[in-house]
Each structure stands twice: as structure tokens, then as C-alpha cells.
Amino acid sequence: MPAGLITALPNQLRAITMQLRLDTNGELSETSQQTVGVPFVENARMTCRKVDVHYGEKCAIKNISIDVGRNEVLAMIGPSGCGKSTFLRCLNRMNDSLASCRVSGDITLDGVNIYAPTVDVVPLRAQVGMVFQKPNPFPKSIFDNVSYGPRIHGLATGKADLSEIVESSLIKAGLWDEVKDRLHESGTSLSGGQQQRLCIARAIAVSPEVILMDEPCSALDPIATAKVEELIAELSTQYSIVIVTHAMQQASRVSQRTAYFHMGSLVEVGATEKIFTNPGHQLTEDYITGRFG
């Protein structure tokens, strides 16, 4: 057999196998929807069981079951449109604002079902904070950006207490030394990287248990990205962090576990080192090695 044909066969077989995994609607077949790896952890901060999300008649994510551990960084990776950001928004009910969105399944925070009718989404979103892809400071002073949450949630008993929360949050976000003499200036006057750390300080100020990050470094330069990644490592000693990222190198640097999503399904979850060096599913390997995605 010609050497070129021998070389080509593995790729041809992989392509055939990939096609067999897809049904006629271009979705994962039932046999490939079983998540590979270790999606569950002991004493989890958050648990998700059989979570489906529909936008009207369209199923965006299906049958997602995974835990978020205490004081861990969980990275979610996958091709654009695979459902990872949709799932992230389920964790603090950000999808509630979309009239066409329906979420089913169970998601708990410290054992409480966050979709129960008695749950108020305002305190929930304080407990499970969100940092978005594009920095979005309020058009207020740096001080007011950070103090806004503690004020409306009644976490400060007076001005001195509020000032202490602001300082502590900015210190945790690695921003205090850069802004301590300009707290009266607008948050929008900061650089992009500083604005993103300000948004992280704003989330920290209301004492969350979980911080969600949706591509937090995609709009930042490499230096600002490095600072945010260092900050994520520091914050993980106090909070659970779930980060969506397209940068696989970033996922490998900042997370303890990584989850791979594909076409609305959770394909594999496991220790980050294993996911990137010895994945258990062919779809994961193909994405990690750049064969598709």
C-alpha cells in the first residue's frame, strides 16, 4: 500500500467517525451524548443536573450535568456557538430576561434550587456574580462603581464601612495601588484592563460565592490578560470561578478542571492537564489538536 495512503487513512477514518456521530439535523447522536470524564465533585458549590435550554423551538443545550467545586476554577471550552456561554448564563439566571428562553433541569447553589419560585434573582446574582466579555463599568466614579452593590444590598452600615469594602475589593482585584488617589474619577477613564479588574472588584464587593467570567480577556492586550489571569488564581482561594474561554492556553493556565462543549452537549469534563494531554473522547482530541473548531 502506498505510504501516502497509509498516512491519509487515519484522517479519513476520523472524518467518517465524526460524520457517524452526527444525526441528520447536524446534532450529536444519542450514543455520543454521554459525558466522558468526571463531571461531579464532592461537596460541590453548585450542581447542575439534566439542564436543557430552549430558545423558542430551538434546543441550545441539552442534558448538561456537571458540578462546580468549592474554590476551583472550572474552564469551559468549545467552538463558537456550542452552548458554553448559554450554559454559563443559566448559573445565575441571566437568561430570565429573554422571553423565548426556557430552562429545565435542576441547578443548585449550596443545595438550594436557584430556579425555585421562591428564589429572588437579585440576591442570587450577588451570590453568583458575572464578569462579561467587554468591560462594562458604570458611568460613575471608581468608588461608586464598587460601592453600588453593597449599598443596594445593605451590606454596609455606614460610610466608613462602605469605604472599607471598596478598598478591600479593589485590593483583591489588584487595582487599589493604581487608583487609590483617583477614586473620584470615572470608571470609564481607566484602561481596558483596569476597567475589567474594576468590574471584578464590583462583583467581589457583594461577597459572592461564585464568579462567572464570559471571555473576560478577549478584549484585552497580553499584559492586561496576564494580570487578570494572576487575579483569577488569587481569587480562587476564596471563590469558585467558572470561566468561558476560546483561548485553550488560558484554560490550561488558570483552571483545575476543564469542560468541553460541542453542539449543545457536554462531551467531556476532567482535570485540565488530562483534558489537554490525554482526552478521553475523540471530539475533545480533535478540538484540542485543531482538527476542527
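Note that Cβ sites are derived from N, Cα and C of the backbone, with glycine treated the same way.
Taken from Swiss-Prot, the feature domain 'ABC transporter' applies to 46-288.
Under the DSSP three-state reduction, Gly83 (ATP binding site) is assigned to coil, being neither helix nor strand. What Swiss-Prot records for Gly78, Pro79, Ser80, Gly81, Cys82, Gly83, Lys84, Ser85 is ATP binding site, and it gives sequence analysis as the kind of evidence.
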CB-centroid shell, 8 A cutoff, ATP site Gly78, Pro79, Ser80, Gly81, Cys82, Gly83, Lys84, Ser85, site residues removed: Thr86, Phe261, His262
C-beta crowding around Pro79 (ATP binding site), within 10 angstroms: 15
Entry from the binding-site residues list Ser80, Ser85 having the most other CB atoms no farther than 10 A: Ser85
